[in-house]
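According to TrEMBL, the protein carries these features:
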REGION    1-42  region 'Disordered'
DOMAIN    156-298  domain 'Pre-mRNA-splicing factor Syf1/CRNKL1-like C-terminal HAT-repeats'
DOMAIN    300-378  domain 'Pre-mRNA-splicing factor Syf1/CRNKL1-like C-terminal HAT-repeats'
DOMAIN    457-603  domain 'Pre-mRNA-splicing factor Syf1/CRNKL1-like C-terminal HAT-repeats'
């Protein structure tokens with residue numbers, strides 16, 4: 001005999017749960033999650049599925065012609081049902097189908113056998129008993145059906161007695177309200193009204209003073225009401241309310257009120273609500289009272305309830321819901337002005353942080369009943385609430401303050417605008433670093449501009465600028481913009497002394513390039529040259545390396561026809577040890593001398609500049625200067641072959657060539673590695689010779705032009721090995737090739753002498 005597994009379950013036909021579990025296929029893991037090159041739509045998938053769908057295969061209809069075939073058919077069906085029962089023994093549906101099939105074959109004894117086997121598996125299922133009795137009655141087996149019903153009722157009665165004993169034990173061991181209520185409902189379910197009332201009375205006697213006795217009394221009263229015992233139910237409610245006279249339960253009051261209303265006792269219900277709001281003056285109680293009056297059509301009484309509640313609870317935390325209910329009540333009564341006044345009164349009384357629902361309701365109300373101005377006010381109020389919430393969460397969020405200020409400026413209420421500005425500038429950055437002050441400083445600037453341009457209050461504008469300048473930590477981070485705006489404001493007010501004082505303080509506390517430039521510009525517009533000179537001197541004392549300041553100072557003197565002063569300033573500037581942009585300074589000095597017609601001084605400047613640097617641009621600029629000097633000397637007159645201008649032009653050309661030759665000689669001897677610069681210099685010389693016309697000699701330059709050579713250069717990796725080769729272009733100049741040949745000849749002579757000495 002085969003061994004039965006220890007985990008086998010008789011209800012499963014001696015199979016284990018593992019054997020009866022449905023095994024699903026293991027999901028495949030997607031390795032490549034990148035999108036396919038050809039995407040397929042859902043419509044295409046459905047269309048292909050419909051096209052490839054195979055026709056359903058239906059089993060052919062079997063016609064039974066003799067008793068042998070019928071016996072085979074019955075044997076096969078019984079075997080299928082038995083196999084199903086063996087697999088899923090606990091499934092009631094399989095048993096019912098099996099019994100009904102035997103019944104259809106008119107084999108009632110086998111059908112009864114199946115029903116009895118099913119009841120042995122699960123006798124507590126009501127469906128089995130009902131189907132069993134119905135099958136007997138349908139086939140007119142009255143006695144059999146009567147026996148089935150008797151057995152079912154006897155079993156049920158035994159279960160009820162057993163359950164009642166369990167409930168008795170439960171309420172003895174755990175005398176809680178929930179247990180007593182379940183016990184009473186069990187008796188009600190079985191139709192035992194007297195027993196259920198006895199359970200409630202026993203529970204009320206034991207648990208009347210418990211904290212959760214409220215649910216017990218409510219259930220007891222509802223039970224009596226279902227039993228049509230209204231006086232009993234009323235007595236229970238009153239008993240529960242009188243149990244604690246000074247603190248009645250709101251739920252019991254509401255239930256008692258609903259009870260009285262069901263029996264048209266409106267005055268009794270009103271008295272209950274009055275007692276409720278006196279003992280429990282909460283928002284929910286008042287709202288229920290008002291809704292009760294509304295339900296009974298007492299509009300005046302309901303409004304009086306809301307007004308009494310608003311007078312008592314206006315300052316409570318949850319008063320928002322009260323005002324919303326009051327406004328909605330007036331809205332339903334078509335009193336839109338009253339509702340609007342209630343909304344505005346509530347918005348003024350309730351803190352903005354806890355009035356989100358109130359704002360939303362007010363905006364919806366104005367959109368429905370208000371005009372354009374009212375809708376805009378409601379929307380502004382809602383946005384104001386959002387900005388208040390943002391700045392409350394993060395007071396240093398200056399962008400939120402800017403948006404809030406723009407909102408208030410669009411409304412135009414000066415008091416509110418100034419209040420928001422004052423609140424915004426009160427949030428000083430936590431550190432003195434400039435990065436924290438860059439957004440904050442614009443609050444002050446916008447505040448000052450608002451007071452000047454919109455409000456027209458000049459004294460307040462002056463106070464704003466003073467407060468801002470006093471607050472800024474100038475030692476670590478200052479802002480030239482605020483100094484200049486304050487000075488320009490004083491100039492607009494015709495207070496020149498105040499503007500000079502502000503700019504002087506700026507130079508003393510936090511000197512900046514913008515402040516010096518603007519101060520000098522103001523004094524220059526006013527024609528105070530001596531002040532401009534003093535400012536330039538202070539500017540250069542503060543920043544002696546600033547080439548812009550030196551150039552502008554010299555330009556000022558030149559505009560005043562003070563040529564020697566300007567030249568002295570340039571000379572002093574180029575002698576400075578450190579300059580930020582020396583090339584601009586030298587260019588300005590050279591342009592100054594050229595503009596004055598001092599060509600010899602200009603050549604001297606170029607020579608001094610070449611002593612400091614041999615940059616390609618300096619050589620080219622020097623050569624172009626010599627060429628331009630030739631054009632200036634000849635003027636616009638035509639070339640005369642035998643005149644003075646012809647000789648002067650030839651001399652200028654010779655000077656240009658000397659400059660280029662010096663440059664080429666420098667690159668050939670002192671900087672042979674700068675081949676690109678040397679090629680650019682030759683190309684510039686060639687272009688200039690072409691521009692000279694008949695006096696130019698292109699052959700001088702062409703003989704010096706290099707030849708392009710392509711060479712390979714090794715590319716080394718990080719570990720020092722050769723990773724490959726790279727092609728690059730280099731240049732070979734004619735003079736360099738000759739010098740290389742001379743070196744080879746000298747080496748050959750040395751080797752020949754060495755060989756002859758060895759032979760000797």
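Here the Cβ of each residue, glycine as well, is placed from N, Cα and C on the backbone.
This prediction places the mean pLDDT of the domain 'Pre-mRNA-splicing factor Syf1/CRNKL1-like C-terminal HAT-repeats' (457-603) at 89. Secondary structure by DSSP for the domain 'Pre-mRNA-splicing factor Syf1/CRNKL1-like C-terminal HAT-repeats' (300-378): 66 helix, 0 strand, 13 coil.
Across the domain 'Pre-mRNA-splicing factor Syf1/CRNKL1-like C-terminal HAT-repeats' (457-603), DSSP assigns 114 helix, 0 strand, 33 coil.
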